[in-house]
């Protein structure tokens with residue numbers, strides 16, 4: 001019964017939830033539609049006509065809502081209770097019209113842009129409003145006839161047509177590009193939603209075949225077709241731009257550059273025409289090659305009337321010769337430098353007489369202006385100065401600078417100056433240096449200077465006689481700087497001028513220095529120092545060992561990028577500003593290009609560091625994975641005998657656990673195991689062994705403890721029982737060819753001397769712990785005569801596995817002697833080492849104490865039946881043999897070989 | 001860029017222009033036909049690519065090589081023969097494309113070229129017919145194209161090698177006839193490239 005109650009409660013709860021959900025759904029539905037149920041069908045309470053909801057903008061739209069009879073009965077409503085809403089906004093009653101008892105209409109005159117839900121609602125008893133039906137009204141326009149249909153065929157691509165779709169339709173309108181040949185139709189090209197005014201056809205164009213193309217536009221309000229256009233695709237082609245191959249100068253003619261290019265392979269089928277433009281590198285406007293000169297297919301053109309030694313930039317485009325189609329894009333720009341020409345003008349030339357103390361001579365400084373680039377027509381290599389005294393030989397000087405100081409007599413001289421570049425010399429400037437006593441007879445008068453238009457004008461009255469030329473000299477009067485004279489030359493016909501040459505050059509600096517480029521920047525020269533209109537700048541830059549390179553820059557620029565620089569190189573750069581009258585150099589600036597580009601070092605260092613880190617990480621992971629192997633080879637576990645089975649074995653006592661560091665056999669209890677294997681036939685022992693054997697035989701040592709063989713060594717890994725013997729008790733077993741001795745000394749645990757110590761030999765060959773098999777684990781602890789305070793000793797037994805041959809002639813006693821002697825010998829050899837070891841091996845100290853109680857154990861030896869091992873401890877407190885190396889004895893100790901009996 | 005006058009050309013402006021346009025089309029298709037034959041051979045393997053390979057030049061359906069005396073005929077007559085051959089080529093090219101679609105389904109460019117060639121040769125045939133009409137020399141009425149294609153298809157079904165030989169032959173004929181058409185139209189339009 002309780003179960004049933006629970007079930008009922010659960011069902012009630014479930015139904016309650018269901019009911020709640022159902023109520024919610026019903027309520028939600030009822031908001032929109034009041035329905036009547038007929039079986040399982042949902043029938044709307046009313047309908048709106050028309051169902052189509054797309055209305056043309058500006059038109060009148062009328063909708064009629066017709067109520068169902070049953071609905072009217074259920075809710076007691078008629079058409080008079082109908083009201084309309086667009087969205088949530090009620091439509092004014094003025095727009096309603098009750099047609100009959102069941103139908104009401106609403107009219108929207110001159111409908112505007114709308115996209116809303118039109119609902120038919122009823123107002124029931126109690127002013128309860130219900131929506132009974134709804135339609136979505138969308139207004140828009142039918143598509144206009146697409147206009148301006150045009151197509152373009154980009155060479156190597158498919159034809160794309162575009163059109164003007166006309167007015168906005170506000171509706172989803174599909175545009176379809178249709179095309180056909182006279183012989184067949186092509187697939188329609190439907191414009192994408194995001195690009196409704198163009199479409200790219202799927203098929204490759206076929207030139208020289210007329211194609212007819214038109215566009216159809218269609219939406220919910222209509223469909224319209226554009227005019228058809230019929231054309232040959234070749235007349236709509238836009239070719240790929242030509243590729244300029246070279247711009248070559250001519251040594252013979254410094255005013256031309258020959259442009260060669262390759263263009264479309266299509267040119268074998270159609271005739272092309274070209275459009276070639278060029279400009280100087282620092283100019284911004286393009287010059288045009290006359291179109292009539294490039295109106296046929298060609299692959300080169302020589303541009304003329306260019307300035308010498310000037311870099312020009314070219315670009316070219318092409319199209320079909322008859323003008324049908326489209327110009328190609330411009331080609332990549334290409335540049336070339338016209339060849340040098342001889343300087344077109346003689347440099348302005350003047351002199352200055354400097355004071356000289358020598359009698360009869362004068363020091364004359366000849367000076368001249370550098371030619372601006374447009375007159376130098378190349379790089380000026382040097383200047384040639386000729387000085388001719390009246391009726392005398394002339395003196396020639398070749399100067400790279402713009403001044404020359406010479407000592408002349410007081411006579412009259414005629415100096416000539418020519419500038420030379422790679423091609424030739426300029427005309428000569430001629431200057432007469434009058435005799436020292438010459439006096440000008442016709443000086444100018446009324447010299448005046450006045451500022452005007454931000455320049456300093458100079459005006460004078462010319463003499464009556466004809467004048468070849470004037471030279472104006474001036475200097476800036478300043479408290480900060482001395483008067484540095486400057487000068488300029490004017491024609492003999494003028495009598496007014498302004499000071500034109502810049503008084504100083506621009507100061508250039510680097511804005512950014514890259515590995516192979518440097519961005520230079522400078523400030524405009526102040527007007528006060530321009531002395532005229534700056535026509536252009538020239539940037540001179542050079543390396544320490546390289547030639548100087550000059551670049552002309554338009555005067556409007558304040559920045560220039562030097563490219564093709566060499567990395568990690570020192571550059572010297574200076575700028576000159578030029579007016580029509582000459583130029584002036586600015587100070588030289590030095591910069592060094594870096595060895596690496598920005599980010600280059602990071603690009604090298606970061607991967608290297610990552611690689612290093614990765615390698616280190618992998619190494620650590622490798623070491624971690626192989627830690628056992630590494631530990632085995634580098635710092636193997638030194639076995640803790642206290643944890644060996646033998647050590648832990650104690651008759652009648654629970655296994656003990658030693659902490660070699662904390663608990664060093666405080667009670668002198670110990671258990672130790674040692675194994676010695678000695679060849680039974682020791683007639684011909686190895687020299688070392690022989691020696692030790694003899695030594696041992698000469699000494700009589702009282703053995704205090706038991707010596708016994710436990711198991712076999714790893715070399716001897718035999719299941720044969722080893723033979724145990726002692727001085728007091730000879731074993732009857734002498735069949736073994738190899739005698740294995742071990743010492744098991746047990747003195748009880750924590751002063752708990754076992755009453756009976758019986759050891760039996762197990763036949764098992766199972767080794768002890770791995771560590772116990774290691775030769776270094778084989779240790780003997782000296783019993784140091786029971787005296788306290790004497791260092792304990794460890795014992796390592798040497799084993800010669802190759803001497804395992806046995807001699808049946810040797811008695812057990814002899815064998816025992818041999819064993820004892822060997823043990824003693826080894827003890828002697830190792831004593832010295834062990835003494836030092838004891839300091840760091842307190843564990844050994846514990847063993848020593850264990851040995852002190854051996855006699856008690858020994859007392860049980862004779863009573864052991866069967867394979868009784870001999871327990872032997874060897875006390876060697878004085879013997880020292882430093883030369884004996886430590887030996888390691890692989891050993892198999894039979895686990896559990898001795899059971900307490 | 002400044003588009004040029006977007007003048008829509010009328011279908012048949014002048015006879016001379018039509019001849020020139022058709023001649024240019026024939027030149028273009030000759031180039032395409034060379035590329036098609038080269039591409040076709042590349043995809044057939046040996047012995048098609050070998051220098052000495054020359055299968056018998058058997059007529060394919062009703063289509064054969066231009067007759068030796070073709071050049072001696074009057075130009076309108078030659079153009080009539082050209083138009084007839086060009087009309088026979090599209091179904092053959094379609095057959096070859098279908099066969100190659102099975103033999104070399106991954107040779108998309110070859111398949112596209114074959115498809116384009118069929119369409120282009122139809123256009124050239126129509127253009128030649130239009131020139132003939134403009135010259136007052138009507139062509140010889142309808143031709144039994146489907147039958148020719150059926151024969152070609154049955155020949156091809158004999159095996160892989162015959163199918164390849166058929167394609168090789170059709171591509172060769174395509175090249176020869178468009179080349180011949182170009183030459184014949186060149187007689188009417190000596191002006192060279194359009």
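Heads up, the Cβ atoms here are built off N, Cα and C, so glycines get one too.
All TrEMBL annotations are machine predictions without curation.
Looking at A:603-622, A:623-642, A:643-662, A:663-682, the range tied to region 'Disordered' in TrEMBL is A:643-662. Among the ranges A:703-739, A:740-776, A:777-813, the one that TrEMBL lists as region 'Disordered' is A:703-739. Counting residues per DSSP class in helix, strand and coil order gives 4 helix, 49 strand, 46 coil for the domain 'Fibronectin type-III' (A:346-444).
Beyond the transmembrane segment (A:604-624), the same-chain residues lying 6 or more positions past its ends with a Cβ under 8 Å from any Cβ of the stretch are 630. In the predicted structure, the domain 'Fibronectin type-III' (A:346-444) carries a mean pLDDT of 87.
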